[in-house]
Each structure stands twice: as C-alpha cells, then as structure tokens.
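One structure is given here, and the rest of the page talks about it.
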Amino acid sequence: MATVGAPRHFCRCACFCTDNLYVARYGLHVRFRGEQQLRRDYGPILRSRGCVSAKDFQQLLAELEQEVERRQRLGQESAARKALIASSYHPARPEVYDSLQDAALAPEFLAVTEYSVSPDADLKGLLQRLETVSEEKRIYRVPVFTAPFCQALLEELEHFEQSDMPKGRPNTMNNYGVLLHELGLDEPLMTPLRERFLQPLMALLYPDCGGGRLDSHRAFVVKYAPGQDLELGCHYDNAELTLNVALGKVFTGGALYFGGLFQAPTALTEPLEVEHVVGQGVLHRGGQLHGARPLGTGERWNLVVWLRASAVRNSLCPMCCREPDLVDDEGFGDGFTREEPATVDVCALT
C-alpha cells in the first residue's frame, strides 16, 4: 500500500503559530495575534477561569509570546535534535529500529489487516473482527502490538529519556514524551505501520475521512507520571484519523474520554470513557473531542499516531478551519502539500 512516485514536499499551515495555543492553567485553547485581540476575544472567559488581575494577564501574555517563539523555531530545532541523536545516541534495544516485522504485531491485528486487503472485504465483515467501542462515535479498538514488543519499545524509550540527548515536547499540550521521528523510528517502524497495515484498515472504517488516502503521519509517545503530566485537557487532533496504543506500564486511572466532533455545539455532552489495555489501540477520528482523566498511580506510556491525508487537509486546515496558508516545513510537516491531489469530502457531523 506504499505511495508510489517522487518524494513529496510537506508543509504546515501558518496558523500553527497563531491558533490553538493551549493555556493549561485555564484549560483553554486560544488564538493569539496580540494583546488587544486576546482581551477582546477571550477576556470574559479568561476572567471566569481565574485570570482576573493585571499580573495574571501579563503572565499569560508572556507565556503566549514564549509559545509562539517556540513554535516558530520548532522545525529548525527538531532537525538539529534529530541529527545529533542520529550521530551520538546509542540505543539500549537496537532491534526496535529494525524494519517492522509481523512478529511485533498482535495476531488479531495481522488478521484484521489481512481481511482488509482481501477482495471481498467490506465494513460489515471488518466490524466482526474489531471491538466497536462506540458505533455512534465510530470509535474502535484492536490489539496492535505483542507484549514483548511493547516491553522492548518501552525499555528503549526509557533509556532515551534517561540519556543526555536533547528532547522535544511530543506535542503542544504534553510536556513529557518522545517524538519518534527525532529518535529515528519513523522510517523503520511508523511508515510501514501506516502504509502496510493502517491504511487498508482505515480505508474501510473511515473512507469519508481520507482513510484510503493517508500519505503522512506524526507519531509520538506521551508519558504520564507523578510530578509530571497527570492528565490531558479536552482537545481534538491535528489529524484526519488517530491511533492511540497503550504501551504500559502498571498504572491506575488515566482513562480516555470522548465527546462529539469539535464542530458540534453539544460536543461534550455525556462523554464516553475508555480504559487503556496494554498493547491495544483505540481508533478514532481526529476531530473527535477527547482528553485523558487524571492518572491515579504508576506510569502510563501511550503511542499516538496522527494519520493525515493531504487530499482532505489541502482544502481545509482542521485547526483554523480555513484554506491552509502553506509554510515549508521539515519532514512530513503537518501533512499539507503544495501539489493538489484529488480532494475528498471531510468527515461529516455524525
């Protein structure tokens, strides 16, 4: 299922440096173009959430300006980290950097993929081979990795975490984790996982979301532990589709919760909670509002793969809901391309 043709150049949308800036203290994503705009657009809700004094607001302004500067430097700094890691880091479990083998994958996942590429495969038959977490929300679960592979990957991630190598934040909300492309795991692990296994599966589950046109991804591991990140606020992903796999370790709490699609006015009415099962992956639409409940005890590590289809996002950026203003970027960027493949309709509200 690999994409054939010349290498493609990927971009991000310019809104990355202005929109969806997360303020954890107030549990709010904001668009930031300056002090007056921030006061005008968010003054009442900020005051209702505790930003009441002049000092509070000035502290918020400083944090937002710092975050914008961080995002502006992100591509260059990420490339520098990746180069240093490639030249200087010594893995503890070098076998996880080998090309993805079937032995790393759960038998159920291999069976689901084998069915997905069979001539007579259809959605009804596929759903008999998956756990449907929510038919209404189109959330599914399937074992992805074997227990030995999860353990080996975790050991490698912990070894890297404890090394003196530079580390980038996994995303704009989490502070602890690992960017897999910086560690050198995109080419051997994540790209084959997307191309060979996830694309045929997603093509049947989510054809209206570009499931059959996935051409890039962003993969990272997030870590939750006492004294570090404990929970994750409600958000939606910069992705058409998402795979979230629990890697371990031993923990309590931290369940995922899901609302509706972010465009819906009652998107967080009666959220659905989903417990983690080590080795199993939860599949959902990127636009599905979700978060993570507070960790109780232990450490929780999850692999998150944002799956992207330029045929969808080239016409509408999911983060600013406008036609993307393209900016050249490193690697897969945020999944946009300057060339125009045939587009598909974005996910409908269901």
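The backbone N, Cα and C atoms fix where each Cβ goes, glycine too.
Just one of His217, His276, His290 is listed by Swiss-Prot for the same Fe cation site as His235, Asp237, and that one is His290. Counting residue by residue with DSSP, the domain 'Fe2OG dioxygenase' (215-309) contains 0 helix, 58 strand, 37 coil. Cβ proximity to the Fe cation site centre (mean Cβ of His235, Asp237, His290, cutoff 8 Å) flags the following additional same-chain residues: Cys234, Tyr236, Thr242, Gly286, Gln288, Leu289, Gly291.
All protein chains included, Arg300 (2-oxoglutarate binding site) registers 25 other Cβ atoms within 10 Å of its own Cβ. Of all the binding-site residues listed here (His235, His290), the one with the fewest other CB atoms within 10 A of its own CB is His235.
Distance noted between the C-alpha atoms of Asp237 (Fe cation binding site) and Arg300 (2-oxoglutarate binding site) is 20 Å. For the pair His235 (Fe cation binding site) and Arg300 (2-oxoglutarate binding site), the C-alpha distance works out to 19 angstrom.
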